[in-house]
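Student: Heads up, here are the entries from TrEMBL:
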TRANSMEM  B:20-37  transmembrane segment
TRANSMEM  B:49-70  transmembrane segment
TRANSMEM  B:101-121  transmembrane segment
TRANSMEM  B:133-150  transmembrane segment
TRANSMEM  B:232-251  transmembrane segment
TRANSMEM  B:271-295  transmembrane segment
TRANSMEM  B:329-354  transmembrane segment
TRANSMEM  B:360-378  transmembrane segment
TRANSMEM  B:385-405  transmembrane segment
TRANSMEM  B:437-458  transmembrane segment
Amino acid sequence: MDRTLEVLTVCGVGMGSSLMLKVTAEDALRALDLPARVEATDVSSARGMRADVVIGQELHTAELGDLAPIVVTITDFLDVDGLASALHERLAAHGLLP
Amino acid sequence: MDLVTDSVTNALVFLADNLFGQVPLLIGLITLAGLLLQRKPVEDVVGGALRAAVGVVILFIGVEVFTGGLEGFQAVLADAVGAAPPAADRSLGDFLGSHGGTIALVLTLAFLAHVVLVRLFTAARYLYLTGHLMFWISTIVVAALVTAAPGAGRPTLVLCGAGVVAAYWTLQPVWMRPLMLRVMPEDRFGFAHTSSLICLLTGWAGRAFGRLEARSTEQLVLPRRLSFFKDVNVSTALVVSVLLLGAVAAAGPDTAADRAAEMDPGLSPWVWALLVGLRFAGGIAILLFGVRMFLAEIVPAFKGLSDRVIPGTRPALDAPTVFPAAPAAVMLGFVAATAVFLLLLGLFAAAGWFTLIPPMIMLFFVGGSAAVFGNAVAGWPGAVLGGALTGVVLAVGQALTWGLLAGTAPELATLADPDWYAIAWLIAGMRPLIGGAAIWAIPVVALVTTVAVLLALGRRERRTAGERTPATESEQG
């Protein structure tokens, strides 16, 4: 992929756990050496946004299924390695890895 | 020499009026300092500082819209049951305008003091990182201090406020630790949310139901139709609109018609009720958008700073980080909290005591958290208990605390979590002692208690380690 990856992290109101998830996602994407822009937002706003990847917990991703080509569901907000390997696998499957 | 003193005084007055009194600029500068300290590239520094400043401006606009919707809601609902709407001398908008600078300074100074406490005492263990609550706790503490000591100047408010807030951020994840270990046994992060007291209460009361065994909420199948409710924008708009439509039906025909005509001549009261419900939810959404915008810059800056000063410290995180442990419990707790709150809304209104405002965000996050911990202790009855207790505490807390804050920012009572009520009442409870310098007793007591608790915990942990037994889950926070 020749452009910056657009990533959304979502939670209920978009400033507590999604912000922490944003920090985790940025670390994971850095570990994969992928240029990306990560934004934290709430589920309502997310519906009006475009992204390549949406990351959130199942409570929310269950309803955001068709928002982005890749939706990653997490249970651990601090697991950088787990998120990195999930992202790597899904991005590769969608041909979004360089 | 007089000339020098005069120019120094003038400079300080200028700074007080034009910087510390102007919250967007102050927050922008604090963010700027944080980003510069992290040696971010120039485009990040400029962008981050400006986004933070714009975020504060948006927050203020959201507060105005929210307060407007709230006032219409209270007036018509009170008229419907023949009671008087809650009285208030001032509004949250005025309060943030006059004390916003103090709040920003309390937030910053308290965070630095908190970092020092965590650095000094190993028992403190967790770094508080739930940004929006860092902002709101600073706000409620300043409001309570102003209520307790109306004459106190800004430096006094900043230092006293920062002392109390730093003590709270340090101790809260620690007292939640035993319960957290039941939900998240890995102990990778702490729980930093102002629902903590209701969670503790639920954990304690839930033991009456006996052991968990096979009663976990995660074996329940909840109806999917409830799912739209967890979007707080949707549930706020829906619940407030429906209540207002009911109030219009019950109110005298003139009240609602007058209100509607104020908004737009010829507007039907029914449509007006719907619009006010939407406006109320819209106001909260704008308010949160503003908070999100400045937090997105400040929280990573705080985290960067603390990672450098105290590497390896565990973060204490927002309530939803425990939700994956029991998603069904979250929904059960939210539904129970909302049901109990609405029941009390009807009872309080019928008794003419107070017009409650349904705080859907707090019912979701506090009810959800209490239910997760309740479920860990006693299965689904514990989860329902957590939700029900949340409904009671938020309703009673709102009704009592509105009056306490009537002279500062009463709307805070409708945005509050259980810990806010406890802190506000603890500080206001010191009121008889407060007179001039006595306001200093509040932060001193808070900090001395914090240090004493951390020392005692640290000693016990060393002793336990000496006996070569791993830390047990039963230890008290």
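A Cβ is built for glycine as well, from the same backbone N, Cα and C atoms used for every other residue.
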Student: For the transmembrane segment (B:133-150) and the transmembrane segment (B:437-458), check the count of CB pairs under 8 Å (sequence separation 6 or more) and say whether it reaches 3 or more.
Tutor: yes
Student: Quick one: find which recorded stretch in B:20-37, B:49-70, B:329-354, B:437-458 has the most Cβ pairs under 8 Å with the transmembrane segment (B:101-121).
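Tutor: It is B:20-37 that shares the most Cβ pairs under 8 Å with the transmembrane segment (B:101-121).
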Student: Is the transmembrane segment (B:329-354) packed against any residues at least 6 beyond its ends, judged by a Cβ distance under 8 Å, and which are they?
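Tutor: Long-range Cβ neighbours of the transmembrane segment (B:329-354): 77-78, 80-83, 86, 217-218, 220, 222, 226, 229-230, 235, 239, 243, 323, 360, 363-364, 366-372, 374-375, 380, 383-384, 386-388, 390-392, 394-396, 398-399, 402.
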Student: Who are the chain neighbours of the transmembrane segment (B:271-295) in space, where the CB to CB distance is under 8 Å and they lie at least 6 residues beyond its ends?
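Tutor: Result: 27, 31, 51-70, 72-73, 76, 131-132, 135, 232-233, 236-238, 240-245, 247-248, 256, 259-260, 263, 361.
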Student: Who are the long-range neighbours of the transmembrane segment (B:385-405) in its own chain, taking Cβ under 8 Å and residues 6 or more past its ends?
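Tutor: For the transmembrane segment (B:385-405), the nonlocal Cβ contacts are 86-88, 143-144, 147, 195, 198-199, 201-202, 205-206, 209, 332-341, 343-345, 348, 353-354, 356-357, 359, 362-363, 366-367, 369-375, 378, 412-414, 416, 418, 420-421, 424-425, 428.
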Student: How about long-range neighbours of the transmembrane segment (B:49-70): same chain, 6 or more residues beyond its ends, C-beta under 8 Å?
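Tutor: For the transmembrane segment (B:49-70), the sequence-distant neighbours (Cβ-Cβ under 8 Å, at least 6 residues beyond its ends) are 23-25, 27-32, 35, 91-93, 96-97, 100, 240, 276-277, 279-298, 357, 411, 414.
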Student: Give residue numbers and ranges for long-range contacts of the transmembrane segment (B:437-458): same chain, 6 or more residues beyond its ends, CB-CB under 8 A.
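Tutor: Those are 117, 121-124, 145, 148-149, 152, 156, 159-164, 166-168, 170-171, 174, 427, 430, 477, in sequence order.
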